[in-house]
Amino acid sequence: MGDKTNKKNKKKSKDEEEMDFPRSWLVKSLAKTYKWQLLESAFFKLLQDLLGFVSPQLLKLMISFTQDMSIHTWMGYMYAILLMVVAFFQSVFLQQYFQRCFVIGMQVRTALTTAVYKKVQASTCYLGNIGETVNLISADAQRFSDVTNFIHLLWSCPLQIILAIFFLWLELGPAVLAGLGVMLLMIPINALLATKSRACALTMSSQIQGIREKELKVMHKFAYLSSVSLFIFSCAPALVSLATFAVFVSASNENNLDAEKAFTSISLFNILRFPLAMLPQLISALVQTTVSNKRLEKFLGGDELDSTTVRHDSNIECCQPFFNKNLCMCLCSSVSLDIKPGSLVAVVGAVGSGKSSLISALLGEMHNLKGYINIQGSLAYVPQQAWIQNATLKDNILFGSQLEEKRYQMVLNACALRADLELLPAGIDGGQKQRVSLARATYSSADIYLLDDPLSAVDPHVGKHLFDKVVGPHGLLKNKTRVLVTHGVNFLPYVDEIVVLTDGKVSEVGSYQSLQNSGGAFSEFLNTYAKEESSKAELDTVLSEEVLDTLSDSGDLEADSPPEDVVSLTVRRESILWRSQHGRYSFLESSSRCLVKFSVYMQYLRSVGWGYFISIFLAYFIQNVAFIGQNLWLSDWTNDSIKYFNTTYPPSVQDMRVGVFGGLGLAQGLLMFVGTLLMANGSISASRILHSRLLDNVLRVPMVFFDTTPSGRILNRFAKDIFTVDEAIPMSIRSWLLCFLGVIGTLFIICLATPLFVAVVIPLAVVYYFVQRFYLATSRQLRRLDSVSRSPIYSHFGETVTGLSVIRAYGHQERFLRHNEATINENLKSFYPWIVSNRWLAMRLEFLGNLVVFFAALFAVLSRESLESGMVGLSISYALNVTQTLNWLVRMNAELETNIVAVERVNEYTKIENEAPWITDTHPADSWPDSGKICFENFKLRYRPELDLVLRGITCDIGSMEKIGIVGRTGAGKSSLTNCLFRIIEAAEGCIFIDGVDIATLGLHDLRNRLTIIPQDPVLFSGTLRMNLDPFEKVSDEELWQVLELSHLKDFVTELHEGLYHEITEGGENLSVGQRQLLCLARALLRKSRILILDEATAAVDLETDDLIQSTIRKQFSHCTVLTIAHRLHTILDSSRVMVLDAGRIVEFDSPSALLQKQGHFCAMAKDAGISSVDSTAL
């Protein structure tokens, strides 16, 4: 009952939230902005529509001319020329209309994209899912653009329907009402089917993260509905003409269906088909655009940050309270601070105490309920999670500032980035990103620096270097005002003032010494975490002679190297390791300029199945034969008016004529239905096969593939390419087949009527071939350029959303806006020529079509004496339709060629070399590993065959339930050692045994399923908190609450409104880093594995969270073998043994106390971190 109430309240609050924005202003604003262009395009559309009704009247005169031999021959030639001239002007006006509409659509998309971008810059910091925000410009703005292209059809379609009915009434009288009745009956049926199809499409999009088979079932249902809709649409013209002609001839014996009436009516019915087909589609598109309009109005009308929150008067003051609306909790309350110019202030506190919120408040990123902030001078900001632009290292550091070489070099040295310039890989790790982020702030020469824990992502000795050279009392920023959020206790003695936050409030403020002596919360904090004695002298001499001697012995440094080179060495090794592991990113996808290979088409047809494809072709071919047969029958029927002239028309002949005409019409619809149904089944079969191959292979490729391939590129295969295979390719193939058969049918009829036309067909076909080949090559490249130039728009947009607080902190909104406009302009340079190329093609193809009309009419005049009037009507009415069909055939050819590339791209990823088998014949026992013993025997590892060894002969035994700490400088092989346990990388030589079983003999599924890892970066997914803990729903709620209590999250989750069903946003952004890490711990507790690996799992959390995690691991995993890669050495001081790695070898392996007594690698690292004994717990 409570759940239902919660859901109702949630729905109610959601509805209230949705109502709370301005409405119905966007469309009006756009209409007002582009009204003159819209009126101009409307004028051309009106002229084209009116000219469309001139051709049937000229056809009527032409048929009359062939029947009445008394009419002069020159009149026939005039009619033929007029038919061509009218068609020509119709083409000109239509293309002028399209040109203007497409340009308006382009302008509307550009305007909306820019408006959304400007709004993003002014919006509150939390914008929800980045994908949803990018969707506003990628989908919603595009939808407005698409609708703008056809908006005039709202008045044009009704106008064409009214004019067609008027002219039909003149031809057939009241009989036209029968046809009109059938049409009106079809509209609600089609609308109902369209609505159901729309619902299916929405269901489909909601199933993206569900099981593929469910998605295919929905596609099946959608395809069946489409088939029924197409059946009705195919039957409609035949039924309408049947009803009209049957009523006409039955109404009176005097009503003779002659060629004039029949083919003028058929031409008018053909005109009527377009508005009747387009209206439901237009309504459907408008419904979708209404949804987009609502989203855009909601976003553009949303709240903006109050620019008056931060004042620029004299001192910094932050008065209570600040309230973040989106997180719905008071994050920063009762805060009063006075920070003096040039001072270094440290902010410390537990997870969720409001440290980052305080920084956000100082930046003006929070909602101010009361109080104010005064800031004098410019700001620079380093966020907790470094934000790096997709640009060069230099551009990231300069960040729009002018280059001053001396200052730039000084910043590079201070931020330990010099070595990265030599060996920087295309992708950089967390530590490098944070150093670049700090370098950007340092170079900006601002007055005030807000540093949100920038030192946690780097190794301790690199962190000390950055503190000494940049942030600290002797660093580059020594005379600047600095607010430093930190978890590093060893930095606190060197700050001017420490602010202690507890539950969003300042609990203590003072110097390190005064707070230590006060006996308050901070004093207890220090007693727990700090070493017994912390003096400035000891920290100043951390890099002692012993450290240098140890490093010199290992060959890493020369004896006379200065201390700073330890840092250079570390970052250089970081870069070398990263490059050796992952190679370089290939940011540009391979893009073929040549034609798609024929083998790709064959591969898709094989996936469809040859049986299906031949059946589909036969169904559509016979349907086209039935269509031609029906029109030939009508032509013969009209000759009855001459045969039975001045005599009674026999009822049996009339019934036969009507029956066969109707039967052939029904046959067309049924064959279209069968063909479409077969196409649906065949295409779904192809989709299933191609998707299964892709998924099976990608899940089994080595991890190095994911490291060297951008995730967007992989997702693009599953999203865009599979969508193309699912929907676009089947539609393209069907449309191409129908167009092709339609053109062949038209040429056959004209040649049948006037055999002379064969002489014209060949030169017209040659011209047509060269025009379409030229267009296809150009269009293909323009579409490619459009696609390539569109990506930077979305990339820059997403980049802006993620780095919004940084951009605003530096005051660079205008510069980013200009860059956004530049990327849009770059895209328009390829999009506008594509619009023009389409007009170029249309004019030439329609001129060819007009020539077909002219020659059909001309040869009819020349063959006047031998030709029946019915064949003349049939020939010219077919010719009038060929223009549109020719145009569509080239478009479909281009579209099919573009879409079939998706099959090629999917196929590319099905051929990537796989990892070892997922399951092998060797299955371990269900209880394996029951003791957790691990044995390495001369284990060697390299990332790729051509690279050097990363691990060089590791030999060791790890006993059951041992707690092993693994330490070493960056690049020593720590992560490689844990990777090889999961066989992320296969051994170059040697073996690993777990409980006596050689892991190389096991399937990867059996191996990885029995081990547990808590990674450095906590991985959370969009969805409920419960789904993140137990994605397969294998455990009860009671067990979940138990592990939440053990991972110190029970109180937090209890306070959440939805509890276990609290929605986690993308990447867990609505939780703090510490809370995310604790959730990963809870997930590990649920797995109950005998072997646990911690890969620097506490590197990014504060000391209190670190302590919580360590105490839980000690208690709950006491029966397990635990391997801990340590970032903070104090976390492994209670280990059974510590393994020290250097250059891929074990150099020390003993208990921590024994290693501290031995003057070796571990001792040097311990002194580096300020640890003098096993009891020390300071960083």
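Including glycine, each Cβ sits where the backbone N, Cα and C put it.
Because TrEMBL annotations are produced automatically, they should be read as predictions rather than curated entries.
As written in TrEMBL, here are the features:
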DOMAIN    41-288  domain 'ABC transmembrane type-1'
DOMAIN    310-528  domain 'ABC transporter'
DOMAIN    616-898  domain 'ABC transmembrane type-1'
DOMAIN    934-1168  domain 'ABC transporter'
TRANSMEM  74-94  transmembrane segment
TRANSMEM  150-170  transmembrane segment
TRANSMEM  176-195  transmembrane segment
TRANSMEM  222-251  transmembrane segment
TRANSMEM  271-291  transmembrane segment
TRANSMEM  610-629  transmembrane segment
TRANSMEM  658-680  transmembrane segment
TRANSMEM  737-770  transmembrane segment
TRANSMEM  841-862  transmembrane segment
With a cut-off of 8 Å between Cβ atoms, can you find at least three pairs linking the transmembrane segment (271-291) to the transmembrane segment (74-94)? Only pairs 6 or more residues apart in sequence count.
no
Between 74-94, 222-251, 737-770, who has the most Cβ pairs under 8 Å to the transmembrane segment (610-629)?
737-770
Do any residues of this chain, six or more beyond the ends of the transmembrane segment (150-170), have a C-beta under 8 angstroms from a C-beta of it, and if so which?
38, 41-42, 45-46, 49-50, 52-53, 56-57, 97, 101, 176, 179-180, 244, 264-265, 268-269, 271-272, 274-276, 278-279, 282, 285
The average per-residue pLDDT within the domain 'ABC transporter' (934-1168) comes out at 80
